[in-house]
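One structure is given below, encoded as structure tokens.
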């Protein structure tokens, strides 16, 4: 039974069943639920469900806590079993990849790939993201020196979201290094001769940077009488960075009013454009 309308937040159970890690399901579910104000999903994630026995345990949980089921299961027999049981339980089931797969199949004139190939692809994607995350951690804040192995190299003065953006890009499978820009301190010479990676300069408004830096110093209980948060000094830092970006024709992104996700999306678009130009 669907939840009733109320002046309070509507809580409901949502079950995500995947034969892989379930990350795709989680992202789609949260993006979808965000479109409905006043709702709070009670999330149940079941990953690596690849047998009837595993599915039985999932459905026992669904029976105990009825709600919407979202799934990405490619095994035809397991799908039929899940769909049949959902009808019996009277709960809606959504195969989130079906519309995309059906459209691609019709457009390409080819059937959907077999189980094993699809799973290998999913596994490869998982390990690619793990590798990217390890790379981001080893090349955070100017560490490391093998920048040619990166997909993306981010530059920026302190507090321009370099590290969180690098980590988010890593979760998307892109190897990202980030290098801090400090006025009158040279950056690694290797950056100027990079051929494979996309080099991107991050910037933000002086007011935004000063605000973030002040909050950081306050949280660390450190001295706030410093050039680190001096308006004029910060403006000089930003100007130095912008001149560097312009000199080397590196694309620049102002992160002042962008979320990490929006910044990363812009960077990925720039990377795809660069790769398309070199094909």
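Heads up, the Cβ atoms here are built off N, Cα and C, so glycines get one too.
Listed features, source Swiss-Prot:
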- 156, 157, 158, 159, 160, 161, 162, 163: ADP binding site (BINDING)
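The local packing around residue 160 (ADP binding site), expressed as other Cβ atoms within 10 Å of its Cβ over all shown chains, amounts to 27.
Less than 8 angstroms from the CB of residue 156 (ADP binding site) sit 162, 178, 180, 181, 201, 202, 203, 241, each of them six or more residues away in the same chain. The binding-site residues considered are 159, 162; of these, 159 has the fewest other C-beta atoms within 10 angstroms of its C-beta. The binding-site residues under consideration are 158, 161. Their Cβ neighbour counts within 10 Å are lowest for 158. Taking the binding-site residues 157, 163 in turn, the residue surrounded by the fewest other Cβ atoms inside 10 Å of its Cβ turns out to be 163. A Cβ within 8 Å of the Cβ centre of 156, 157, 158, 159, 160, 161, 162, 163, the residues given for ADP, is found for these other residues of the same chain: 178, 180, 202, 204. In the three-state DSSP assignment, the secondary structure recorded for residue 157 (ADP binding site) is coil.
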